[in-house]
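Report on one structure; see the data block that follows.
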Ligand code: RB5
């Protein structure tokens, strides 16, 4: 299951992405926001991060206006590797090399169809491990230092 969430800046893209996932058979759960009313992106990041960390969701997708604020917030959670992607190559690398467990998108900067391709690419990719695992481990070592 994919946990999906956004603030108001990402709400429209979230709704389109949900429709896309319904059409392509991707199981998801929407953690809000549920309208275009203004909300704070750190509050929207939290439930999706917690769902990924507690195993309720395999991966998460978070969307705000640029994808920047919600990715910064998500990356404050110990164990979250959130990757803001605006191209397909980065989406592939985000999983293969960085083992990103959350994909972030900018609802006001990335077109709908491109966002679908980015999400599909990331969802279809697997972590390559090996030397990349050692590097990801070093990220977790930084978390332990805090
Ligand atoms: C909200 O206006 C906007 O600041 C937010 O969606 C996001 O772009 C922040 O990084």
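Here the Cβ of each residue, glycine as well, is placed from N, Cα and C on the backbone.
Curation does not apply to TrEMBL; its annotations are automatic.
Matching 108, 112 to the D-ribulose 5-phosphate binding residues that TrEMBL gives (7, 8, 65, 66, 67, 68, 69, 98, 131, 135) identifies 108.
Proximity of the recorded positions (67, 97, 108, 135) to ligand 1: a Cβ under 6 Å from the molecule is found for none of them. Across the structure, residue 135 (D-ribulose 5-phosphate binding site) and residue 97 (active site, proton donor) are spaced 9 Å apart at their Cα atoms.
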